[in-house]
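Student: One structure coming up, written as structure tokens, with questions to follow.
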Amino acid sequence: MSAATAAISEQAPIPEDNSHPAQAKPALRDEGAKLGFRLTLPAQILVLFIALFPLLMQLYISLTDWSPLSGLGWWSAWSLWNNFANYTDLAADARFWSALKRTAIVMIVCVPAEFLLGLALATLFADEFPGKRIFYSILLMPMMVVPAVAGYMFFMLFQSGGPVNDILSALSGFPVTIAWLSDPTLALIAVMLADIWQWTPLMFLILLAGLVGVPEDQIKAATLLGANPWQRFVTIVLPKMKTIIIIALAIRVIENFKIFDTLYIMTGGGPGVATETISVYIYKLTTQDLIWGYVAAIALAILIVLSIAAVFAMKRMARAREVSA
Amino acid sequence: MSAIHLQNLVKKFSDFTALKTMDLAIADGEFMALLGPSGCGKSTTMNMIAGMEEPTSGKILFGERDMEGVPMARRGVGFVFQNYAIFSHMSVRQNLAYGPKMRGAPKAEIDRRVGAIAEMLQLTPLLDRKADRLSVNILQRVAIGRSAIMEPAIFLLDEPLSNVDAAFRAVMRTELKQLQRQFRQTMVYVTHDQLEAMTMADRIAVMDHGVLQQVGTPLEVYNNPANVFVARFIGAPGMNLLRGRPAESDRGLVIDLGPLGVTPPLPAEIADAVRGAPGDVLYGFRPEQVTLAEGGRGLSLPVTFVERIGARTIVHLGQGESAVKAVFDNDVGLAIGLTAVVAPAVHSVRVFDAGTGRAIKAGG
């Protein structure tokens, strides 16, 4: 043991030195690094506990059949060790895979829709027009509505005797009595409409900030050189907004993956499991089935998948920054 | 190439008049500087020539052609912005190729034109560099090249040197003047820096408060300012102006400056014109054209401040109404507290009507 530690402590500095070859004053740099390490240590410990501890706890529980009903404290969960059964179950859990697929569909529809609507609105709001400030405030309101309230709002709107059908009746001239929330396909559409309604404003807000930051004289210069509005948009505006577009999309992709509150109030994941997304599924497993070991396994699997996606996105972003810098 | 005629040009922004009835003829191939302090209407004039702003009334002609309603992209105008407005997310090549590409020129032609312009501006080795890490004189060349590739009849430059540090400006001025000789385009150059206008322009249009004050070659504007504003604005320091009353003496017409005494007699050709003018006048002379009067004939003033600027020394004399600046060699033996007797060179004296501010000229 002590021999091993000695070996490690002897070897430890070597890779660090190799990573910064031929620096002018290595002694001074090491001194600075040491001080920096000491100064950030408390914060690092804190972060470690916030990030690492729950993760380890989750990993631990996910390897067991532990449940709050088992009568054991979570730390004693080792006695319920189940030989990775949670993970093998997960691979075979059709309901999990279909929830994952549904979540992906919602994301593939909602995020691009929010992006395009937000970009169109931002382009509109980059110019002056009468009543701009009022429209601006109205446009941002959905974002401020508590998701639970928004859920009830859309629940009411999409009742078979609700306003949506009333409007459709008035427009078509026939009495429309679509049972939106009881039809598997229509329920999913209604849920996506609610998400688009609520989160387009955020997209709009971020994209508008990016759009306003595009240097005006470069746009003027492009105009003088003969670029039409569409050419200006494609060659100047979009490239200048690249970073902010990636950020906006990343925020919405991550948030949308966790879609829950509005949806749960509108449909409860139903009819059947027609609108059951990952979050809804996990919620049900946690509160109804109470199989927390399995829940921990799902959550961890998703976290790993999302982390890999995030790393890819960040690499992409860093490259974009390098290219545009 | 194209001449520019501005006829009765007026620009109002709601109730603020930015430009009051401007008439200006800029010859084909001329380098015209619009010079004035900020808010004088020079940029507004430039923007109207470019088509970025519509005149409230009046006409802009390029050659014989009325530009009313012609959108900026069709005016054949190259515009160099204050900060150059280089597309920083593109390479130098992409910047230069932007105009022809947007107008759908064939690729081979774009390559040929980019190659030619890059060669002319010595940008060839930099073609594939990102445009955002180039030094400011390269940016200037890219900005000019990007416009020049469209073969504009007219080049408009909006204070291109105002963001450049002082040491580099001289280099940039020389380079810009050389480029103009090369391209032979009509150039309109907006600036508030008289040094830029004086060194580069064929003619200068001095503006103030939306009014064109004087148009002339740099030397004309310096030597024969049309009015008090131009006299004070051009030159560093500007012309000395002392209020007085014409009076006859046995040596000819002099100006009685009150407590400062009497000036030397005016040159004969000005004297006649001054005799015909009513009321008080302003007696003007350049600080550079002042000598220390050994014999005591001249204006006797206390030294209030001495500014040493290297090769020269600017001596501030007197105070308030009778403040005078004089530029001497750096070895002048004057210090605060001493009294200097200074005499303006007779040929350099200009006289202005104190009421209207206009120059009183021989034969006018």
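Cβ atoms are placed via backbone N, Cα and C, with glycine included.
All TrEMBL annotations are machine predictions without curation.
For reference, TrEMBL lists these features for the protein:
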- A:100-313: domain 'ABC transmembrane type-1' (DOMAIN)
- A:1-25: region 'Disordered' (REGION)
- A:39-61: transmembrane segment (TRANSMEM)
- A:104-125: transmembrane segment (TRANSMEM)
- A:134-155: transmembrane segment (TRANSMEM)
- A:167-189: transmembrane segment (TRANSMEM)
- A:196-213: transmembrane segment (TRANSMEM)
- A:233-251: transmembrane segment (TRANSMEM)
- A:263-285: transmembrane segment (TRANSMEM)
- A:291-314: transmembrane segment (TRANSMEM)
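How buried are the listed features, and what sits near them?
Tutor: Same-chain neighbours of the transmembrane segment (A:39-61): 74, 77-78, 292-293, 296, 299-300, 303, counting only residues six or more beyond its ends whose CB sits under 8 Å from a CB of the stretch.
Long-range contacts of the transmembrane segment (A:104-125) within the same chain: residues 132, 135-136, 139, 188, 191-192, 195-196, 199-208, 210-211, 233, 245, 248-249, 252-253, 256-257, 259, 277, each at least 6 residues beyond the stretch ends and with a Cβ under 8 Å from a Cβ of the stretch.
For the transmembrane segment (A:196-213), same-chain residues at least 6 beyond its ends with a Cβ under 8 Å from one of its own Cβ atoms are 110, 113-115, 117-119, 121-123, 125-126, 139-143, 145, 147, 150, 154, 237, 240-241, 243-245, 247-248, 251-252, 255-256, 262.
Through the fold, the transmembrane segment (A:233-251) approaches residues 111, 115, 118, 123, 202-203, 206-207, 209-211, 213-215, 218-219, 222, 227, 310, 313, 316-317, 320-321, 324 of its own chain, all at least 6 residues removed from its boundaries and within a Cβ separation under 8 Å.
For the transmembrane segment (A:263-285), the residues of the chain that approach it from at least six positions outside its boundaries are 95-96, 98-100, 102-103, 106, 148, 151-152, 154-155, 158, 181-185, 187-188, 190-191, 194-195, 257, 291, 294-295, 298-299, 302, judged by C-beta separation under 8 angstroms.
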Student: Should anything in the same chain at least six residues away from the transmembrane segment (A:291-314) have a Cβ under 8 Å from its Cβ atoms, list it; otherwise answer none.
Tutor: 55, 58-59, 61-68, 77, 80, 82, 86-87, 89-90, 96, 246, 250, 253-254, 257, 278, 281-282, 285
